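In what follows, a structure is listed as structure tokens, so that the remarks can point back to it.
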Amino acid sequence: MKRLKVQGLFVIILLLWSACSEKKTDGHKKPIASATGEQPIALVIHGGAGTIRRENMSPEREKAYREKLSEALNAGYAELESGKPALQAVMTAIKVMEDSPLFNAGKGAVFTHDGKNEMDAAIMDGKTRNAGAVAGITTVKNPITAAYEVMVSSPHVFMVGKGAEQFAAEQHLDIVDPEYFRDERRYKQLMRIIDAEKTQLDHSSLREMELEDPYFNDRKYGTVGAVAVDEDGNVAAATSTGGMTNKRYGRVGDVPVIGAGTYADNATCAVSATGHGEFFIRNVVAHEIASIMRYTGKTISDAADEVVMKQLVEMEGSGGVIAVDKNGNIAMPFNSAGMYRGYIKEKGKPHTFIYDDENEGL
Ligand code: ASP
């Protein structure tokens, strides 16, 4: 009898204990990381890869690039800090660079062979894997906003040319005269390349031209891109470009091709690329990086290196990528001489880099 009583008491204590501990768990329904602010937020950007070398860069020009990269990082980071989604942060950062003639996107986009500025852009949400892209547009002030509208306000993913422009106007986006994008230095660049083509310059003469005229250096690339992770652990990617100088009619690069120049998936990472687009399409670069992570469990930096420093190099496809995963891990590999790039993880601390010998501290 006495034994039974003791057992009963023991059962009651056990029940009370388990009820208490359940209550405790209820109070912590939110994942511990975000409740304690441990979910890292981060923004990474690029302003294009190419033959960017110290010896060809004036201190003023370098300063201008670093300042603009910092401005874009701060603007995007302010969105993340105020609790806005990664999607908003990447758009904001891209718009700052699109509005600057320093980069080959929006104002300052490179010229086609026919002397036009035809732009491509894409954006992707890693949470839903929803995406929007536009190609060959000439009238939308901020092409990234057109890509965003395709994603959120249409049942489609990819719109091109006149149709994309009409759609953008219907969404009340900022529409400008194509002349708005014209940058005289970019035009000069096109003229020099066309001349070079005519006179069939060999490689060494081309190199001489590069040394003489630093602006000639980034004649090919200069695309802008951004990837971010927000306080909910959602990632996003966005890329915007004028493509490649002297591109022929109808040419579209990797940037708006989802999976090639732009890709985002919470399960793996968000990627934005810059470089010789044809190679990035053929290697499906951004998605390849995500797939390596997904199927091999490699880290973001190993996966990005595998594609940029091995697969692309084997094919002689020059360029680079920026990538971030939901834990705030960052990768920024490139196989060209330089890449305008930067990241911000902490308020007021944008880190910017241009050359290949800079310590990124990652
Ligand atoms: N990837 C872009 C394109 O091929 C160019 C660049 O990154 O600057 O259109």
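The backbone N, Cα and C atoms fix where each Cβ goes, glycine too.
Here's what TrEMBL has on this protein:
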- Thr223: active site, nucleophile (ACT_SITE)
- Arg251, Val252, Gly253, Asp254, Thr274, Gly275, His276, Gly277: substrate binding site (BINDING)
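Location within the structure of each feature annotated in TrEMBL.
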residue	record	Cβ neighbours (10 Å)
Thr223	active site, nucleophile	35
Arg251	substrate binding site	17
Val252	substrate binding site	19
Gly253	substrate binding site	26
Asp254	substrate binding site	31
Thr274	substrate binding site	33
Gly275	substrate binding site	30
His276	substrate binding site	21
Gly277	substrate binding site	29
Identify which of the following binding-site residues, namely Val252, Gly253, Asp254, Gly275, place a Cβ less than 6 Å away from any atom of ligand 1, and list them by sequence position.
Gly253, Asp254, Gly275
Given the binding-site residues Arg251, Val252, Thr274, His276, find the one whose Cα is closest in space to the Cα of Thr223 (active site, nucleophile).
Thr274
Check the DSSP secondary structure of Gly275 (substrate binding site), expressed as helix, strand or coil.
strand
